[in-house]
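Per TrEMBL, the features are:
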COMPBIAS  1-11  compositional bias 'Basic and acidic residues'
DOMAIN    129-204  domain 'C-type lectin'
REGION    1-24  region 'Disordered'
TRANSMEM  46-68  transmembrane segment
Amino acid sequence: MAEMSDPREPDGSEEENFGGKRLTGKDPGQLCSWRSLPGCLTRAPLLLFLVFISLGFLMLLVTTMVQVSRIDQSLQKETRDDQESHNPVAVAQEQMQSKLEGIRQQLTWMNATLGIFLLIPSPLAPHLQKFLKFWYVRNNKPTWIGLSDHHNEGSWRWLDNSSLQLSFWKDGEPNNHGDEDCVELHNDGWNDGRCVTEHSWICEKPSTPCPEL
């Protein structure tokens, strides 16, 4: 009776048949041989765990970067807002746009004072003057402001009787030429003019609209 042959390859490796395919214990084309298959199955959960951990760290990194970017943008916006809130130019422009109204109606200084009440606080005066120059350029005519020395020659006072602290006179002004006691706004500075001359005027908006005379 013929002896059963040992299912070994010439190189000593064992072989098995699965589904008509021969699997050997040593097959360089296989990731796992049939003999090491239990070990491969044991390592699979560990590999999946490492993949999930890597994905988790990646998502955490992306989320952190997005949050840092948003925080940086928010800080930059707060810094800009803070700078604007402490910027005299921005404050002055906001004050002027909300408080002043240019009246194109031509009036003498005395009549205009029924509605005019323009005060220029010293800390912001240069910036307010820039705003007033802009209004003059639009109007393109001299404009009365609430400053005069008609009560006491050479003593310039605002309508609330406060003294002049900071001025923007044109070169050579005031010269009191021809009894000039009231101040006109020009694009290059202030001029003392005759109070009976009719000009446009600037009204500081009170709680009620400026009067229409």
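In case you wondered, yes, glycine gets a Cβ from its N, Cα and C as well.
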Intrachain residues whose Cβ lies under 8 Å of the transmembrane segment (46-68), provided they are six or more past its termini: none
Mean per-residue pLDDT computed across the domain 'C-type lectin' (129-204): 85
